[in-house]
């Protein structure tokens, strides 16, 4: 997957000058994060880490990832509506994973009371890597699907201009023209706006559940600004604020500070550390309301690793997408090997295989946010500890994807420009809206490319490992 940046990466003086220009353009374009020293304040900000050059992505795999996104939207939506499947699939996990168990408890309470919301909104991001086959070709393999707080749609809208600028400075105008336009924040806002419209109350607002210490606020503001341009007002609140000032009326309409809420958009609530007892009570209040939750609790559960693993079993996709063999084939083509670790012969065999060949597998807990997976010797030690315990059911085992590395230059605040061997992860943003049983929107709305040094096994931009990038189609 050669791109022709090779000679450019060898001229240290030119790289330093290009890096200065690229950083200034990134700041001008709004590729920004708050600092780790002051994550609650925008008084001092920095550029978000990014690559100096766009990275090579096979055009066919980019097209394949876009083509399958509507299928993944349908699949997640179908899973979220199947309470029996969710209960059966997560039954072993919730015995040992307290976070998934708490989410599932809320799911059961809402089902028992009766789901009040009639409009459903999914904003997700399906993430892939490019498996390098023995013959040198590359294959698209899904890492995971993020159904809650799928981030960087805002900043990904602003990075193409930076890479076009870098290539233009070098006189590479043809190459600059190959960088795809990309505006996920506009598409994500379109989904929220559609859900708001279907809710049917012109004065209702969108409630964005956020953390107080939020370095990635500019990513979120991009979506807020798109909504405001449509005259849809967004209020940012923490779970604690919902506990103190949120309420439901007799029709289970949600009010915040006396203002009716049409859509609740979660940019918090996807990790155990995000919840105190008070926050769990706030989440239940939100779920009980007729406001459109993005995601509702069932959709968050549909995005767990255990559900991902069960969907890879023979016949399961067909049960969710009956009469759609082409969609099933598109989905299955992206699946890597996924293995249950539930107690029993199947789980025992998976553990034996992984301990025998640790370089071929990844051990994944039911966690979002990056930096949670175990590899190599660390994975072997965990499996040896877990193999006779019920706790192993809170993990899944996944075939390790081995992409072909390439060289790029990574730019991080406070660090020198660094040319290094890298690998990339491609995310495709999907949006769907359903009213009752009728799907009224189902589309892909843009992409995100993140790149990291091959020495880092796990973790994304927010975890401080990967940097923002753009695909250079090859």
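Any Cβ shown, glycine's included, is placed from N, Cα and C.
What Swiss-Prot says about this one:
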BINDING   125, 148-151, 214-216, 220, 267-270, 450, 461-462  substrate binding site
BINDING   144, 305, 364-373, 375, 398-401, 425, 452, 458  ATP binding site
BINDING   144, 146, 368  Mg(2+) binding site
MOD_RES   2  N-acetylalanine
MOD_RES   415  phosphoserine
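This view paints the features noted in Swiss-Prot onto the structure.
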residue	record	Cβ neighbours (10 Å)
125	substrate binding site	26
149	substrate binding site	26
215	substrate binding site	20
220	substrate binding site	21
268	substrate binding site	20
270	substrate binding site	22
365	ATP binding site	18
375	ATP binding site	15
415	phosphoserine	9
452	ATP binding site	24
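Taking CA atoms as the reference points, residue 146 (Mg(2+) binding site) and residue 400 (ATP binding site) are 19 Å apart. Annotation for residue 400 (ATP binding site): same-chain Cβ neighbours under 8 Å, separated by at least 6 residues, are 359, 360, 361, 362, 375. In the structure as shown, the Cβ atom of residue 146 (Mg(2+) binding site) sits within 10 Å of 21 other Cβ atoms.
Under DSSP, residue 220 (substrate binding site) is assigned to a helix (H, G or I) in the three-state scheme. The DSSP secondary structure for residue 365 (ATP binding site) is strand. With respect to their backbone Cα atoms, residue 215 (substrate binding site) and residue 452 (ATP binding site) stand 20 Å from each other. The two recorded residues, residue 220 (substrate binding site) and residue 365 (ATP binding site), have Cα atoms 27 Å apart.
Taking Cα separation as the measure, residue 365 (ATP binding site) is nearest to 270 of the recorded positions 125, 270, 415. The recorded positions shown are 125, 151, 270, 415; of these, the one with its CA atom nearest the CA of residue 144 (ATP binding site) is 125. In the three-state DSSP scheme, residue 144 (ATP binding site) falls into the strand class.
Around residue 151 (substrate binding site), a 10 Å sphere centred on its CB holds 19 further CB atoms from the protein chains shown.
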